[in-house]
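Presented below is the structure to which this report refers.
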Amino acid sequence: MEPGRGGVETVGKFEFSRKDLIGHGAFAVVFKGRHREKHDLEVAVKCINKKNLAKSQTLLGKEIKILKELKHENIVALYDFQEMANSVYLVMEYCNGGDLADYLHTMRTLSEDTVRLFLQQIAGAMRLLHSKGIIHRDLKPQNILLSNPGGRRANPSNIRVKIADFGFARYLQSNMMAATLCGSPMYMAPEVIMSQHYDGKADLWSIGTIVYQCLTGKAPFQASSPQDLRLFYEKNKTLVPAIPRETSAPLRQLLLALLQRNHKDRMDFDEFFHHPFLDASTPIKKSPPVPVPSYPSSGSGSSSSSSSASHLASPPSLGEMPQLQKTLTSPADAAGFLQGSRDSGGSSKDSCDTDDFVMVPAQFPGDLVAEAASAKPPPDSLLCSGSSLVASAGLESHGRTPSPSPTCSSSPSPSGRPGPFSSNRYGASVPIPVPTQVHNYQRIEQNLQSPTQQQTARSSAIRRSGSTTPLGFGRASPSPPSHTDGAMLARKLSLGGGRPYTPSPQVGTIPERPSWSRVPSPQGADVRVGRSPRPGSSVPEHSPRTTGLGCRLHSAPNLSDFHVVRPKLPKPPTDPLGATFSPPQTSAPQPCPGLQSCRPLRGSPKLPDFLQRSPLPPILGSPTKAGPSFDFPKTPSSQNLLTLLARQGVVMTPPRNRTLPDLSEASPFHGQQLGSGLRPAEDTRGPFGRSFSTSRITDLLLKAAFGTQASDSGSTDSLQEKPMEIAPSAGFGGTLHPGARGGGASSPAPVVFTVGSPPSGATPPQSTRTRMFSVGSSSSLGSTGSSSARHLVPGACGEAPELSAPGHCCSLADPLAANLEGAVTFEAPDLPEETLMEQEHTETLHSLRFTLAFAQQVLEIAALKGSASEAAGGPEYQLQESVVADQISQLSREWGFAEQLVLYLKVAELLSSGLQTAIDQIRAGKLCLSSTVKQVVRRLNELYKASVVSCQGLSLRLQRFFLDKQRLLDGIHGVTAERLILSHAVQMVQSAALDEMFQHREGCVPRYHKALLLLEGLQHTLTDQADIENIAKCKLCIERRLSALLSGVYA
């Protein structure tokens, strides 16, 4: 390898920069490079440190030569190999789709046809390896890479699967190999984990576990540690994986044959290569694969299964909507579109286009529109089988009420299209608006008479963005459409998507008409929910899931997904269409009261635009004429909050797209405190009350989103028409975000996401115990969130944000860069390795950490003693001491060194004991070599070495002192480390109490904590029971004082 210019390094005919880091593991680092002449040829350069390799370098070279000869489309190609003094460089094929582990993390599960596509390619690579006698022995999703020739949004059928990282594990040192096993024990065969003799069938077991995870989302046999998994395999002679019932027979038989504990009973390679499931002509259960999700750094994709909750995806943005719209000219065309979607499975279109839609099963009736018009639910609900057809089949004629006996004479035509509606039987009556909505009703009438709205018929087939899109069917209204509103009917048949009119996924908060059948909830609230059956599963006639139009949710979660079912709100006659959604059944969260199922918040991808609960949905891209009754300025950083407010019954209409600096022009508060903030729901008489489960959003969240914005200057409504006042609360300090104070181009106001649940009961509106994640530019107050520690600034008023400790970053994309539909990504923090470790490992690590903290405090005391000794050696001090008759005081410098030596000896003893404990626990297998353990042990070792060096230096410095001053040795025996530590702790408590008495409380709490830590350490080292009891009493007093002090600060 030769260093190039600008930090570019060369490996043979290839070059790379260490800035382009792709990934790293326990033994190697991978960089992205390219060919020096053919720049379009991208490669991956893996750098392996020779310290991680065993002595058999010649065998590694032979193995690499063999791998260079393996030319297969499903094996990562090895282009070049260079061995340097300290490292080995492997130049391999670059795969732009990431690995299968990331793919499954995004999609959770794959359909059987996608599993077969991937498995056929894996089998092709294994056929070549098996013919050459090569055993992989480490097959796992992380070692299966994906390549997308067609780009990031390639169809799953176009994804190329490639096996990587085989043959190298055998040359790793034994202890390093043990660390690797901690990462992937679930995919290793039982004979490998139990250290028995194994052959090539071990790879077949790994393939079985990978297929099982692709199908169900988890490994077939799991344990908290490799030791537990080994014990599980040793105790259970027969293993039977839990295969879902709806799995096809060929795939079930394949899994059972691959996942045999005894390798003799396991199928061989010939049976595997010729298995019926791998045969493309074998009829299996079809499920359309979901398009490939967009990764930040790769373009791999997946397919979604109908058996589990899919990963969160984003709805289409406003920029994508014009490409997704389909124009309908009549109700018959609208119904025909539904029929066409159902029958389009046999079309000869491109696979990318057909796979973007889900084919409605043939058993669904074709006269959906006719039955919807008669105010009856369809006999069989449109349940999407795991993918995302979006059809809003609800019909409603705004401003018209049905006659006492509404009937609709329509019969489906032979082509499946319904006949025309006899809408002349229905009498039309003009609804009387409430007094506060007179102006809005006049605007509504103007919109109804607008020629552009009467002549424009819209319908859009929603394409899935990422993996899926929020799906739902609008429910039918008892009001049939009039014969003059054919265009409006086509609009109401629009298959809703990312427009403001499309409802977002939420269960149990939509008021219902009396004509709809309902599912009783445990609390008595009426909830219409349903779950999509697997393809081929039958739905009984009496099943509750057939009573509502349902679908699987693949969209981003709203902040109110965990709301308790609220009482039904009275709906005016002009209320827009509602929609019911069927959330996926997940096993992780406990069901909320009143909900059939609820989904945990998994971050926040792009949220759909907020609901516009005006009587008419606006035309996409046209200005809105209807005036809002509650006029909230729409900022890019508050889209998700507007969704929540609209869902809770607040009528909102965006006047126009405005940014925060525009709003600041109409804001009379330029950093001043304003009135009472948000009024309670009972004062406003509006449906803005908090439900019992709104722990994900507090009143502080609403203040942060809307508090810094005054009423929109472009609105013609007066303040008297707005019964709700949005202003920053005086209890929160009344201060604005720095970006909101300036009149220039500044960042939008921060949106505060509360993480975790508040205490039981109602959360105070002025609560400051929240964690702030700023949505917006980098100038937001708190853009870094910590998953472990939260620190509140003591003594600060409400304007001081909560400072999160350094940790994992919850990065939220800038909404300005993505317009109003910008992707809001939540990067979940990685779980610490100790999460799945055994209790003995956790307890030992806690003990090591405590030893390290205690030793550091003792070293601070030793440093203070050393500084006092240095000061005593100064000329001024010696001049003053020359007149003192006491000889011991003349030797104060040496005395300080003696105290320092005793403390360093104590530290060395503690650290030596901790290191020995770690070694014993590691040898016993109770302490795993995780990165945290390595870091703590490394720090313990460093401090131990430093303490030993300090002891040696001090002993040399005091050697003459001990020889000349023999009489002082008797006094030195009375100096013990425990006595010095106790004395220092008492002094710290006394000084803190003295400062507290004089109202200097800034540094009291840290000193109390340090003293408490020192006393805790003494309690572990002392042997005299009386001393231990005295220390316990001192600790109790300090803890009481700390409790009183903290309650006074945070009150």
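Cβ coordinates are placed from backbone N, Cα and C, and glycine is handled just like the others.
Annotated features, as they stand in Swiss-Prot:
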- Asp138: active site, proton acceptor (ACT_SITE)
- 437-459: compositional bias 'Polar residues' (COMPBIAS)
- 731-745: compositional bias 'Gly residues' (COMPBIAS)
- Lys162: N6-acetyllysine (MOD_RES)
- Ser317: phosphoserine (MOD_RES)
- Ser467: phosphoserine (MOD_RES)
- Ser479: phosphoserine (MOD_RES)
- Ser521: phosphoserine (MOD_RES)
- Thr574: phosphothreonine (MOD_RES)
- Lys606: N6-acetyllysine (MOD_RES)
- Thr635: phosphothreonine (MOD_RES)
- Ser637: phosphoserine (MOD_RES)
- Ser638: phosphoserine (MOD_RES)
- Ser774: phosphoserine (MOD_RES)
- Ser777: phosphoserine (MOD_RES)
- 283-323: region 'Disordered' (REGION)
- 335-358: region 'Disordered' (REGION)
- 394-554: region 'Disordered' (REGION)
- 661-686: region 'Disordered' (REGION)
- 727-787: region 'Disordered' (REGION)
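Taking only the Cα positions, the spacing between the residue listed as 'active site, proton acceptor' and Lys162 (N6-acetyllysine) is 14 angstrom.
Cβ environment of Lys162 (N6-acetyllysine): Glu73, Asn74, Ile75, Val76, Glu93, Cys95, Ala125, Ile144, Leu145, Leu146, Ser147 lie under 8 Å away, each six or more residues apart in the same chain. DSSP assigns Asp138 (active site, proton acceptor) to coil in the three-state reduction, outside any helix or strand. Every protein chain shown contributes to the tally, and the Cβ of the residue listed as 'active site, proton acceptor' ends up with 24 other Cβ atoms within 10 Å.
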